[in-house]
């Protein structure tokens, strides 16, 4: 393929070649423009599409592949969606401050030792204990590579690095069921296509979990995600000492039903229903 | 002239003199400041004898003359009598021309109703000084300097268009149509922040412009950050006006934008010209041109009356002016009003369609030549 393309590309007048390289709209794999930021990999539309489809399929089969979910997030965020999110940040004073300061969440900027000393109900403490429980570190997040606009790449990076704070805020656990509910919330709030596409993972849930998702968690996610202001505009670094309850109040987010508690109740209800059914069967037989 | 749409980065139209149909002209149109015009008019008046002019005088009233005393004496009861603050006896006019602006007292006297509406917009105007392009590199100075400040720029923001029109030297005239609240905020900014705000309005995204226009101060700093964070391709620098360096002190002013059309341009012994007859949104810069065309047409009507021994004040003799100009002006008012409404929409299907339309027009040089001949007057 490339040998076929090469002569044609060489025949292009110089002016046209320069102009296509100058813009980020169209270029061939033979004339890939230089990266715009450190980790940047400029992609053609075909490459971006192929990566999106590939990462979507494989991450559905292997939901633990965070790198693929990250790739899916980046390749489906343009056109429109990441720009919309960036504009949402630019419309808010705090969002603008974040874009200006460009804080990064790493184990260096977020000292876990310090966070563990915070009051138990604070955002920082909750975040630290959440990281401890899940045995992850803030450094496990990949760098954004496939978004062409440098500022939008930071917005995606910020969203990714703040995802763990969203867990802290909503109290949703990292089991697939909780993760899907949180993604639904993020979709309603950020409109990023990857968060919406992640909802396909609902097919991997057990029947009971799935019905719980449709009846409880999806309605919660949509109403809260739409009602609360853009959570990308929360300057988490400044909220570490705020109590989780207070922050949730300020953002207008209800705490979703406790997933573990709900599971217990459902289990009992199921048991009771089963007994009732058996009793009924006994009556009809008699 | 370079015109573009803030909501659609690809959507633009360029006008340049010498495009098809206008080969023998060297410019699309010329800008002149009001003092120059006034000076020229005064000089012309002085050369015409005998002309009486009343300086530092105000019209205190306009009335019809008293009823005829007795048969056989002069009957001036249908003539307008203008009383001014500097004269004791009224001026009796065979023809009273109202060139007295949107709230025309002459029009009120003649009981001519007007129709139209107020745009919920104010026009902010200022005279600004431009910085040289790309700093003071020697290679820039070698470039022909004359060519540097001859392009007019206009960008359609959702709240209204902002335009920068070249003036002699490094100066330019700014017209920014925007909401009354934003106009008030702009006027309250300190000069450096005002200049930064104008630069932002030409270069930054609509979101940034909206945000910055609501800031009480600090636009200079905000602009510096956004220019460095925003991906402005360097080779497209000529697509934007030169950076505005400063604002001429005391030149910032604003006025409400309206559309008005008088039902009639003429009455018995009365003719209306300019804003007294019609008021237009400034987005196409047609207000002055329309007024000048009115005057030319009215002069033709008067010349005809005089050369045929007619009474210049009789409505029937003035109607040639009205029939020539009323419909023409009405069309221009309508077109500009629709443009204002079209560009006031942010809904994406409309943005898409208008971009397509503008892109199409941009490809047709003949059509553009015709538009320029209409706009240049």
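Note that Cβ sites are derived from N, Cα and C of the backbone, with glycine treated the same way.
Listed in TrEMBL:
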type    : residues                   : note
BINDING : A:163, A:164, A:167, A:179 : Zn(2+) binding site
REGION  : A:262-286                  : region 'Disordered'
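Sorting the binding-site residues A:164, A:179 by the number of other Cβ atoms within 10 Å puts A:164 first.
Looking only at the binding-site residues A:163, A:167, the densest Cβ neighbourhood within 10 Å occurs at A:167. Residue counts for the region 'Disordered' (A:262-286) under DSSP, helix first, then strand, then coil, are 24 helix, 0 strand, 1 coil. For the recorded Zn(2+) site, residues A:163, A:164, A:167, A:179 set the reference point as the centre of their Cβ atoms, and the other residues of that chain within 8 Å of it by Cβ are A:165, A:166, A:172, A:174, A:182.
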